[in-house]
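In what follows, a structure is listed as C-alpha cells, so that the remarks can point back to it.
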Amino acid sequence: VLSPADKTNVKGTWSKIGNHSAEYGAEALERMFINFPSTKTYFSHFDLGHGSAQIKGHGKKVADALTKAVGHIDNLPDALSELSDLHAHKLRVDPVNFKLLSHCLLVTLALHLPADFTPSVHASLDKFLASVSTVLTSKYR
C-alpha cells in the first residue's frame, strides 16, 4: 500500500520527467530487451534495433500508461482496467515481464535523475511500479 509520502515521492519524481517520459520509456524497453532477451518474444514483429520507431512508439505507450497511473494513484484498478484486460486476455504477456520492465525503468530513472533518486524515492517508485504490475496482472485469473 502506498503511503502519503510514497504518493508525494511518485508524483514529484514523475513531474520532473516531463517531456522525457516517452524517451525514458523507450530506453527502459531497450534495456529490458538487452538484459532479459526472453522478453523479445512478445515483440517479434518489432524492429528491436537501438532507436527504432517501434520501440519509441511502445515506450511512449508505456510512459503514457504510467502517467495515467500517477494521475489516478488512488484508484489504479479503474485507471488501468482496459490495459489489464489487453495484457491478460489478448496479448497474454507473462506477468514476470512487468517486474523486469519495472526494474529497467527504475535503472533508467536513476541514471537520468541521480540527484532526485534518493533511497526513499527509489522505494516509493518501486512500490508504485509493483502496484501497477499487480493491477496489470489482476485479470490473469
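Each Cβ is built from the backbone N, Cα and C atoms, and glycine gets one as well.
Taken from Swiss-Prot as is:
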{"type": "DOMAIN", "residues": "1-141", "note": "domain 'Globin'"}
{"type": "MOD_RES", "residues": "SER3", "note": "phosphoserine"}
{"type": "MOD_RES", "residues": "LYS7", "note": "N6-succinyllysine"}
{"type": "MOD_RES", "residues": "THR8", "note": "phosphothreonine"}
{"type": "MOD_RES", "residues": "LYS11", "note": "N6-succinyllysine"}
{"type": "MOD_RES", "residues": "LYS16", "note": "N6-succinyllysine"}
{"type": "MOD_RES", "residues": "LYS16", "note": "N6-acetyllysine"}
{"type": "MOD_RES", "residues": "LYS40", "note": "N6-succinyllysine"}
{"type": "BINDING", "residues": "HIS58", "note": "O2 binding site"}
{"type": "BINDING", "residues": "HIS87", "note": "heme b binding site"}
{"type": "MOD_RES", "residues": "THR108", "note": "phosphothreonine"}
{"type": "MOD_RES", "residues": "SER131", "note": "phosphoserine"}
{"type": "MOD_RES", "residues": "THR134", "note": "phosphothreonine"}
{"type": "MOD_RES", "residues": "THR137", "note": "phosphothreonine"}
{"type": "MOD_RES", "residues": "SER138", "note": "phosphoserine"}
10 Å Cα neighbourhood of the residue listed as 'heme b binding site': matching modified residues from SER3, THR8, LYS16, THR108, SER131, THR137: THR137
List of residues, in chain order, with Cβ under 8 A from that of THR137 (phosphothreonine) and at least 6 apart: SER84, HIS87, ALA88, PRO95, PHE98
Other C-beta atoms that fall within 10 angstroms of the C-beta of SER138 (phosphoserine): 15
Residues satisfying Cβ distance under 8 Å from LYS40 (N6-succinyllysine), sequence separation of at least 6: PHE33, LEU48
Separation of alpha carbons, LYS16 (N6-succinyllysine) and THR108 (phosphothreonine) (Å): 14
Within 10 angstroms of LYS16 (N6-succinyllysine), Cα basis - modified residues out of LYS7, SER131, SER138: none
